[in-house]
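Per TrEMBL, these features apply:
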DOMAIN    A:94-286  domain 'ABC transmembrane type-1'
REGION    A:300-322  region 'Disordered'
TRANSMEM  A:20-42  transmembrane segment
TRANSMEM  A:96-121  transmembrane segment
TRANSMEM  A:133-155  transmembrane segment
TRANSMEM  A:161-179  transmembrane segment
TRANSMEM  A:210-232  transmembrane segment
TRANSMEM  A:268-289  transmembrane segment
Amino acid sequence: MSDLQETGVWRRLRARPSAVVAAAVLAVLALFALGAPLLSALEGQDPTTYHDSLIDSARGGVPLGPYGGIGADHWLGVEPGTGRDLFARLLYGARISLLVALGATVVQVLIGVTIGLAAGFGSRFVDTVLSRFTDVMVALPMLVFGVALTAVVPADFPRPLLLIIVIGLLSWGGTSRIVRAQTLSLKKLDYVAAARLGGSRPWRVARRELLPALAAPVITYAAILVPMNMVVEASLSFLGIGVRPPASSWGQMLSTATTWFRADPTYVLLPAACLFVTVLAFTVLGDALRTALDPRERSRLRVGTRGGSRGAERATTKGAAV
Amino acid sequence: MTGYALRRLGGALIVLFLLSVLVYLLFYVAPGDPARLACGPRCNAEQIRQVQDQLGLNEPLLTQYLHFLQGVVSGRDYSTGTGVLHCHAPCFGLSYQNDQPVTELLSARLPVTASLALGAMVLWLLLGVGTGLLSALRRGGTTERVLTVLTLTGTATPVFITGLLLLMIFCAYLQWLPFPTYVPLTEDPEQWAWNLLLPWTALALLESAKYARLTRSATLETLAEDHIRTFRAYGVRERTVIGRHALRGALPPVIALNAVDLGAMFGGAMLTETLFGLPGIGQLLVHSVRSVDLPVVVGAVLAIGAAVVLAGAVADVLYALADRRVTLT
């Protein structure tokens with residue numbers, strides 16, 4: 001971290017109002033997620049109790065009262081059909097969304113850095129095999145595979161863990177490519193050559209000389225991965241194969257909301273707003289981080305190279321979940 | 001050029017072969033018992049053994065995989081107890097649910113997915129390229145800043161949120177459009193378009209953000225090049241410079257990205273089809289995953305994988321064709 005401070009990354013991040021706002025939003029969200037049991041206890045509700053008296057069974061289970069039953073007892077109303085408290089469900093949903101997005105990113109970075117380092121630092125044969133393998137993984141339609149994989153996993157396997165593993169295992173390709181490319185160019189530098197000639201073993205060179213230099217590009221890329229993973233989690237849960245009731249995630253709530261959008265718009269808007277704001281905040285912060293960590297970005301006159309911009313577009317192509 | 005195209009397509013075929021091995025191993029070998037799934041919940045041990053024989057599940061793994069490949073290439077026969085059912089090539093097996101060949105299930109849903117993909121493509125190209133061009137020409141102004149925010153918002157919004165909002169506004173509140181039900185183009189073109197308008201818009205709003213950014217950066221790059229300066233110095237009208245020359249520079253990456261996206265769409269837009277209840281390939285996959293119908297899952301994943309991988313190869317070839325500066329190796 002001291003490296004980052006010396007290069008003025010924090011100063012440059014703080015200088016961007018959008019980054020500060022995004023960071024603040026995410027900090028509040030993290031507090032809400034961590035304090036979910038506390039906050040719902042403060043409200044006097046929990047996310048799983050049914051309240052049959054609060055829904056209109058004659059109209060198919062639409063919450064009684066205006067705006068989805070918002071009131072002093074239920075701060076954000078109740079879920080149509082079941083009467084479960086929405087505030088509590090959103091809070092616990094935030095936990096799952098954040099946990100899966102961050103957990104999957106950790107898995108992706110670990111696998112990506114390991115494979116990328118091995119490919120960049122290993123023999124030519126190792127490099128070829130690993131690079132081809134990475135190509136195949138990058139070519140796979142990630143969401144399709146994620147959906148299909150859940151078909152063969154037993155139903156009692158813990159869902160958040162499954163989501164972390166599936167998302168993490170399927171999309172480490174981008175990280176691995178970046179790490180490999182960086183390793184290849186670092187390998188040519190004198191200080192790395194000196195360490196090797198000094199008799200350090202490859203593993204030691206990788207850990208002591210290469211990893212610190214890889215931190216900036218990996219952090220930058222990981223910051224883009226987090227919102228992508230969040231969308232993938234929401235998508236899988238939306239399709240009914242991620243988090244399942246009684247557990248809640250924002251995607252799962254939106255999945256139920258598809259049958260209620262006419263009768264109870266509040267139930268659509270709340271999880272949609274949560275997901276939208278969080279993904280946007282992560283994206284804005286990731287973008288600011290990229291700018292702050294990349295010295296070239298400081299120049300406003302910079303005109304991107306053709307290859308560069310195309311590569312960036314390629315990287316985002318997979319992120320779009322349709 | 002032809003050599004490059006052939007090599008690139010050959011590479012794609014190798015990836016597809018590896019994909020088929022991977023998918024086969026994952027789904028037929030990993031956990032679970034295919035025979036039990038195929039037979040249904042109320043099967044006794046004797047019936048399960050019969051199913052194992054019928055599906056050849058007792059044979060060595062390699063033999064099973066070769067049979068599977070053979071089915072894909074030249075078709076395959078299944079004994080149903082009473083007779084023989086021939087499954088035409090490319091055969092991905094029979095559905096556990098109703099014994100229908102997977103290929104038939106997939107091809108029955110192709111028109112829906114194709115209608116969705118092609119219509120959305122027209123919209124996202126118009127919207128995305130238009131926005132990107134506008135943003136590049138108004139560089140540094142308020143217009144550009146607004147467009148940047150809009151495209152960022154577009155990328156950050158999952159398609160099911162956009163779709164749900166569109167449904168709430170146009171279907172529930174204003175009641176201008178029906179809740180989409182698929183009407184075949186051949187049956188009633190007007191109803192076909194009317195019903196698909198919301199799904200098209202939802203997809204186009206998501207996708208066009210990407211095209212706007214790409215068009216913007218590519219146009220800016222081209223405008224900074226020497227030949228554009230030369231045109232301007234010669235007094236060529238600005239409209240011609242932008243319309244004919246700058247746009248031409250922006251086209252190759254857009255065409256390439258479009259090929260990739262169209263491939264992904266043909267594989268099925270799972271989220272869009274699920275939200276709007278359109279019976280396309282993506283919805284088929286989601287349903288078959290929920291009912292653990294392994295042959296359909298495998299068939300759909302391979303079909304989608306093929307669409308995506310081949311589209312990637314086509315994109316690279318198109319890119320090379322459209323942009324003479326790309327050197328081929």
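Cβ coordinates come from backbone N, Cα and C, glycine included.
Unlike curated entries, TrEMBL annotations are predicted automatically.
Listed as Cβ neighbours of the transmembrane segment (A:96-121) (distance under 8 Å, sequence separation of 6 or more from its ends, same chain) are residues 29-30, 33, 127, 130-131, 133-134, 160, 163-165, 167-169, 171-184, 187, 202, 205-206, 210-211, 214, 218, 222, 225-227, 229-230, 232-234, 243, 247-251, 275, 278, 282. A:268-289 is the stretch from A:20-42, A:133-155, A:161-179, A:268-289 with the greatest number of Cβ pairs below 8 Å to the transmembrane segment (A:210-232). Ranking A:133-155, A:161-179, A:268-289 by CB pairs under 8 A with the transmembrane segment (A:20-42) puts A:268-289 at the top. Listed by sequence, the residues of this chain that lie at least six past the ends of the transmembrane segment (A:268-289) yet keep a Cβ under 8 A from its Cβ atoms are 9, 13, 16, 18-19, 21-23, 25-26, 29, 76, 86, 90, 93-94, 97, 101, 219-220, 223-224, 226-227, 230-231, 234, 250-251, 253-254, 257, 260-261. Long-range neighbours of the transmembrane segment (A:161-179) within the same chain, counting only residues 6 or more positions beyond its ends whose Cβ lies under 8 Å from a Cβ of the stretch, are 99-100, 103-109, 111-113, 115-117, 119-120, 130, 134-135, 137-138, 140, 142, 145-146, 149-150, 153, 214, 217-218, 221-222, 225, 228-229, 232-233, 236, 242-243, 315, 318.
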